[in-house]
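Data first, discussion second: the structure below is written as C-alpha cells.
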Amino acid sequence: MVEHTRKGRLVVLVGPSAVGKSTVVRCVRERLPELVFSVSATTRAPRPGEVDGRDYRFVTRAEFDAMIEAGELLEWAEIHGGLQRSGTPAAPVREALAAGKNVLLEVDLEGARSVRKVMPEARLVFLAPPSWDELVARLTARGTETPEVIARRLETARIELAACDEFDNVIVNDEVTSACEQLVSLFVSTNSR
C-alpha cells in the first residue's frame, strides 16, 4: 500500500501596523497548536514582551544583508520607507509544508506579493481595521513610535488598505475573538479542500 503525504497549506496574513495581527495570531496559535507559525527575521528593535526566536528573529542590517545574499529568504522587503527590513526564512516554511503541516506567515504587502509569485497556491488574507479612525487610535495608543514613524506607518497603511482586493479573504478585526475564529475557519476549510 502506498502512503500519500498531504502537502501542508500556506496562509499569508497581512495588515497595517496596529491592526492587531500579533494578537489575532496569538489567538489562532492557541486554537490550532499544530499550526506552524513562520518566524520572520527583522531589523527592528524588539517591543516589550517580544522574544527573539519566538516572535521574530531580531537581526542587524548586516546579518539581514547576508541572509539576502545567501538566498535564505522566501521574501523580504524594506518597510516604512526603509526604516526597517523584514523577511521570511525559506527553509522552515518549505520543510513544514513538505511534512504536511499548515503554515501561517505574517508579512507586509510586498512580502505577500513576493510569496504569491513563488508559491501561487498560498492563500492571502488581509486583516483590516474596522475604520481608519480606529487604526489611527490603536497606532498612537501603543506609545512605541515617534510622530514621524507614526506618519510613515499611516502612509504605508493607506497603500495596504488600497490593495485589499489582491487578497483571497479580508477579515475585519473589530473584535479579536471574531477575527481569530474567522482565520481559524479558513485553516479548517483549507484543510478540507
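A Cβ is built for glycine as well, from the same backbone N, Cα and C atoms used for every other residue.
Keep in mind it's a predicted model, so treat the numbers as computed, not measured.
As written in Swiss-Prot, here are the features:
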- 8-188: domain 'Guanylate kinase-like' (DOMAIN)
- G15, P16, S17, A18, V19, G20, K21, S22: ATP binding site (BINDING)
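Features as recorded by Swiss-Prot, highlighted on the structure.
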| residue | record | Cβ within 10 Å |
| --- | --- | --- |
| G15 | ATP binding site | 26 |
| P16 | ATP binding site | 25 |
| S17 | ATP binding site | 21 |
| A18 | ATP binding site | 23 |
| V19 | ATP binding site | 26 |
| G20 | ATP binding site | 21 |
| K21 | ATP binding site | 18 |
| S22 | ATP binding site | 15 |
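Under the DSSP three-state reduction, K21 (ATP binding site) is assigned to helix.
Summed and averaged per residue, pLDDT over the domain 'Guanylate kinase-like' (8-188) gives 93.
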